[in-house]
Every structure is written in C-alpha cells, then in structure tokens.
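**Student:** Found this in TrEMBL, in case it helps:
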BINDING   B:THR158, B:LYS184, B:THR195, B:GLU282, B:ASN405, B:SER410  substrate binding site
ACT_SITE  B:THR195  active site, nucleophile
There are 2 protein chains.
Amino acid sequence: MAPLPVSPLARALPDLPPVAGVRFGAAAAGIRYVGRTDLVMADFAPGTTVAGVFTRNKCPGAPVDWCRAALPDGSARALVVNAGNANVFTGRAGYEATQANAADAARLVGCAASEVFLASTGVIGEVLPYEKISTALPGLYAILSETGWADAARGIMTTDTFPKAAVRETEIGGVPVRIQGIAKGSGMVAPDMATMLCFVATDAALPPSILQPLLAAGTNRSFNRTTVDSDTSTSDMVLLFATGQAGNPPVTTPDDPALAAFATALNDLLLELALLVVRDGEGATKLIEIQVKGAVSDESARKVAMAVANSPLVKTAIAGEDANWGRVVMAVGKSGEPANRDTLSVAIGGVWIAREGTVVPGYDETPVVAHMKGPEIEITIDLGLGNGIGTAWSCDLTHGYIDINGSYRS
Amino acid sequence: MAPLPVSPLARALPDLPPVAGVRFGAAAAGIRYVGRTDLVMADFAPGTTVAGVFTRNKCPGAPVDWCRAALPDGSARALVVNAGNANVFTGRAGYEATQANAADAARLVGCAASEVFLASTGVIGEVLPYEKISTALPGLYAILSETGWADAARGIMTTDTFPKAAVRETEIGGVPVRIQGIAKGSGMVAPDMATMLCFVATDAALPPSILQPLLAAGTNRSFNRTTVDSDTSTSDMVLLFATGQAGNPPVTTPDDPALAAFATALNDLLLELALLVVRDGEGATKLIEIQVKGAVSDESARKVAMAVANSPLVKTAIAGEDANWGRVVMAVGKSGEPANRDTLSVAIGGVWIAREGTVVPGYDETPVVAHMKGPEIEITIDLGLGNGIGTAWSCDLTHGYIDINGSYRS
C-alpha cells in the first residue's frame, strides 16, 4: 500500500529542547516496518516520579497490564516503546514479552524492573518478537540523548502521517519548569485500531501523589474529550514523568497555589497533544470543536458534546461541507441527556441557525457556507436548561477512513 | 444525484394479500419528490385497536408527539404517512401541520382526530407543506383498497433502494389470523438521517392492553437489536393495528397460552422487517449477525453485541472482507460490560479464531476467508462468564455510506 498522504490538518514539529533528567532515542528493530525506526527508549534521572492513565477497554494489552502494576510505586527510570505490534490478546506469551523487555531495560539502566514502563502499538493478536527488542536495546541505550525527543516522536508512529509534540515553559514557586510531550495516534493501515500513546516529561520535582491527580484532571479535559471513530483502543496510555531536576520548592498538596501555573501549562499541553491526534485522525480533513452550554450539569454537557462528536451523520455532513444542523439536533436528542427541543439552539461558525424548536427565519447563510469550507469547524449548542458547559473535539468522516480501515490487514 | 443502485442485499417484495379490515393506497402529493408517490393512507375497520413504539430521541418530530398523545385511547381508524419531509424541529408550524392532517383524514373517514395516526420521514427543519397533503387526501381516500399494500410499501420510501414487507399466517384459539407489515429505512440522500418507519396490521381481535406489550417485546428483540450507523432518528416508529375481523376467541391476558403462536409469528415478522431495513442500510454490502453468549446477563450480552454492531472499525473490516477478530476483541472490551480477556472466545463463520486470551494456534483460515466473501457474516462471541445470551444485527461501513451522507443536501 502506498504511504498515506500527510493530513491537511498537520502541524510542524516544534523545537524540542532538553528536559533535564530525560534522555530519548530511537532505533530500527525490524519488528514490523522496514526502513524506519520502530523502537524508542528513554531513561530518567534517579528520583523521577511517574503518573499514568490507561485505556478503560476491558481487553487491555499486556504492556497496559504491566504499567498498571508498576505505577503504584510511583518511580520511573526507563520507558520502552515499540511500534508495529500492540502485544494485545497474546496470552501468556504477551506477559512474558513484557517481563523480558522490562528486565533487559532494567539491566541496562541499573534499576528495578518495576521502574521500567512499557508501551506497544500496532497489530493485535500477534506475539511480540521480544528477542528483536532485546537485541536492539543495548545499541539504543548507548545513543540516548537529551536531544533525542524528535527521533522519539517519529519512532512511535504507526500510520500517523506526521510526528506530534508540544512544549510548555512555566514555573513552580518562582522556579522555571519545563513540560514536554510526544503523542501518536489515529493512523491505521496494517495495524488494527487507533491506538493512542502519549508520553510527557517535566523537570519539576513533584511526588506521585500530586502528579497523578494533575494528570487525571488534565486528561479528562483533553484526550477524554476527543474522538476519531468512537472505538476505544486496547492500548491507550498517557504517562507523565517528573525528573525533579528543576529544583523547585517542594509542593505537598494538589491544591497548593504554587501549582496553579504548572497545572494550567500541563492542561494546555495535553490539549495541544490531544488535538494533534485528532488532526491526524484517519482520513480527517476537518477538525471539529463542539461547545455545549445550558446543560443541567457539566457532565451532561460533556455527554451531549461527545454524542455529537461521535455521530457518523454529523461527521459525514461536515466532510461534505454541509451545515446540517438537523443532524446536530438528532445527535443531541440521541445522547439520552436532558434536552428539550423547544429550548434548544444550534450555531455553526458562530451563526445561530436553529433556536427554540425551529430554524431561525432568514438567517444569513453566507458566513456559514464560508465557515464550512474551512479546516476548523465550530458547533455551539445551547440546551437552555441550566449552567452546565462542556467541549469535545472530533474530525470529519471521509472516504479516507474507509480506505484506511477497509483494506485487508496483510 | 443519480438514483442509488439497489442494495446487493435486497429481497423481493412478497405477495401482500388483503388483511380484513385494512385498506391502503398511495398518491403523488408533490411534497418533495417528483414523478413518484410520496403520500400513503390506510383506513381501518371500526373497532381496530393499536399499539405503538417510538424513538427515544429527545428531539422527536411533531408526528411522533401526535401519535404518542393519541395512543392511550388504543383506537385507530386511519394512518397518513408522507415521505420527503420529516416535520421535525419545525416548532409551532409542525404541530399545526399534524392537527390539519389529522382533521382532514378524520373528516374523510368519519372518526375522531385522535383515531388518526401520522408519520413523516425526510428532511429535518423544513415546514411540512400540509396543504399539499390536504389537497391530495380526498382523491387518495377514494382509491383505498385491500390490495394497496405494495403501493404503500413503495410510497413510504425515501432513498430506500427497495420496498420492504413481510407476511405471517398464524392462529389464535384455532382461528386463522394474518399479520402483515411494511417498513422503510436507511436510505438517506436528500433527507437528513436514517428514519425508520414500520406499519403492521393484523385481522386478529386483541385489546390494546395485549397488543402493546406484544409489540414492545417484539420490537426489543428485532428493531432495537439492529443498527446501521448508531444514529437514533427523531422519527422512528412502529405501529401495530388489529382490526378484529378474524373473529378469534377473546384473549384477555398477555400470557394466555392461546397467544403463543401469534406472539411467535409477530416476533418473527418484526425481525424480518428489521433485517430488511438493515439490508438496505446506507451503502451496505454485507449483513452482519453478532451472537453473544456466556455473558453475565441477557442485557449485558445485548450491550456487548450492540457495541460490536456499532464499531466503525469492525464494520469497515467486514467491508474489506477481513476476518479482523482483533477489532471484535476491542469492541467487546470497550462496551463497558463485564468481560475477561482470558475467558473470551471469538468465532467468525463458525470457526473459533480466538480463545482464552490468544489466537487459536493453526486455525483453518480457508473457510473463514470464504465466509468473509459472502453477503452474510456471522460473528459469535463467548464471554465465558455466565449464561446471558443476545444477538444484534448490523451492516458493513463502505464508501457508499460516505457518498450518501457526505453529499450536500440540496
């Protein structure tokens, strides 16, 4: 199959300066792809803490199981990621592959196996050839570098059409702190489903008890508000590593005011990475933002926004540049959340088209038509019931999605 | 836009003999389409009872509101259905259109307006030109006939590619009884979403108190187990009319053993009609049956089956004739229902491919490959947890779906 064209919604990879205490690198281990890197490793300075959030899919991959078991210790010294094989639904062989990979990395770094975090992405149900990883790891470890971030962003791609990273500079207690992350997701040709991986590192000094709630809150407001095709992967994970090299003053509670700027920067970075994943959604040509207000609660607003974001009829209409507000009304109504046809209003590109149970007579179609031709579509829904607000992001559903996912695996 | 090709999964319209007490007809009222019938009417003998189930969408169309209000009386004398305009999200004008249509039909038939049932299907958000219906109704009423069923099946189509009907003969208390129904659904070019309408009539004598639970149970096991694209329409409705002309002995409780054959025949007919709708799913080339067993409950099995039925990645894989069991595992896992990767088994076309957390070593791919090339795909999932069973039906997701729904409305 020919390489996929780069998404029209792609963003250039930003400059990725060092984050003190983090070294990255990538190598070609020949796991599935030919002529490209497919194995990424990082090592972290002693004392690095870690937080993680994982797929809610009930059939998770072996690396997800491994990371869930390792996370409670809150300590990380290494990360090993391969592309091309997800190590999902591989039974005992899958478990043994994670053990072997972690042991190999721990030996190189000089740490406990439980301080090694693992992620795999690619085809499901094929045994991971962990010997190839064992063979490649020593050479990869030897070239780890503080400037290896861009190589890592490329090495974790499967059929992503562009590498994804984001950078933030902030402060804790007046001390400058850096947060930097890479992500992959949504390109799927030979593999089997849109797996999303995201790795973020900061030089801040923060205990796991603070890192974990920060990451969970930020993920709920970013990755968990995005959808490409409503299919929850077995391999999704976001890991946040904090090396402590920035030397900021200690922070002991998640609601310490000294954390405000850091939390904002982290949330902002996670949202940027999440939207980069949507921008590389399979076949995507338009990024869609759905803002809901007037819901009975924020949670209700989120569910309404996600129902619209997941509607194939809304997504195909946007692919066709059709401001089809009737399908938005349908999707609001099918969400199951409190909604009242007669208080519902819908705007597209800032123009209110439907209000109080009927179309707005003589609304100006010209700016709406122009908006629909652009690459970023805004839908605003006012339920007119309460003060709940929520936003979700999606992409359009095009022939490209069918091309990518309807072609035979092998 | 050129007419859609007839679905490769189409079924021929069966012979539709009279059902005593029911007369049908169709006319061209010029509501939206040119050169075809778009208005259907039926009248029913005095004493006809009625049951109905309606969309759960929170933004229902005006005709759904009308029927919900009329249903508690349990008495029906007429049905009026138009194609091309759904009369949804049309505010006060939509309500007034239903009042006018019902009043016109009641005058012709000589009944109360609340004995007239209304359905509309087509574009959302445009005011229904009810005057065109008022003008056409008297001529249509004059040609109603016991042999008008096939005309009615054609007259309610929007962008359906074939008319849909099913017939059953059964008995109640030894007296022969007929059940016959028509349905539409899933063709969507100019209109806005897959609206599903189904009208069933029987000559059985059954009070509404029995008809309603029979219809609800039958719908839960048929229409509510099918999906084309997960988008719940604002106009869905199934109505069941019983004229009482068969002269069967009275039945007074829903669990009367005399009803067993009738209930079986009704369930069977509803499932046949529901599968005809899926066979005409937008862009469909394959009918998919998903059988789940070993769930913790029947309800859990239903949810797992529907999660697989709604997965875009499963549906595109089947379009590509790929026995992609990994995506089935993913969809089971994302359903949120109790599932255990290590007790989960998946068969496609009767061949067990995945069992107990891993692929079945050396399973025979040849019959699976042949099965995937056929028009009807069977997926069996054994969760290995309990005795719950459930089945769902879907169709594949193809370029045809994008073509139909991604083209501009007008």
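Including glycine, each Cβ sits where the backbone N, Cα and C put it.
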**Student:** Measure from the Cβ of B:THR158 (substrate binding site) and count the other Cβ atoms within 10 Å, all protein chains considered.
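**Tutor:** Counting Cβ neighbours of B:THR158 (substrate binding site) within 10 Å gives 26.
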**Student:** DSSP three-state call for B:THR158 (substrate binding site): helix, strand or coil?
**Tutor:** coil
**Student:** May I ask you to pick out the binding-site residues among B:THR158, B:LYS184, B:GLU282, B:ASN405 with a CB closer than 8 angstroms to chain A's CB atoms, ordered by sequence, or 'none' if no residue qualifies?
**Tutor:** B:ASN405
**Student:** Counting across all protein chains shown, how many other Cβ atoms sit within 10 Å of the Cβ of B:GLU282 (substrate binding site)?
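**Tutor:** The Cβ of B:GLU282 (substrate binding site) has 28 Cβ neighbours within 10 Å.
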**Student:** If H, G and I count as helix, E and B as strand, and all else as coil, what does DSSP give for B:ASN405 (substrate binding site)?
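**Tutor:** Helix, per DSSP.
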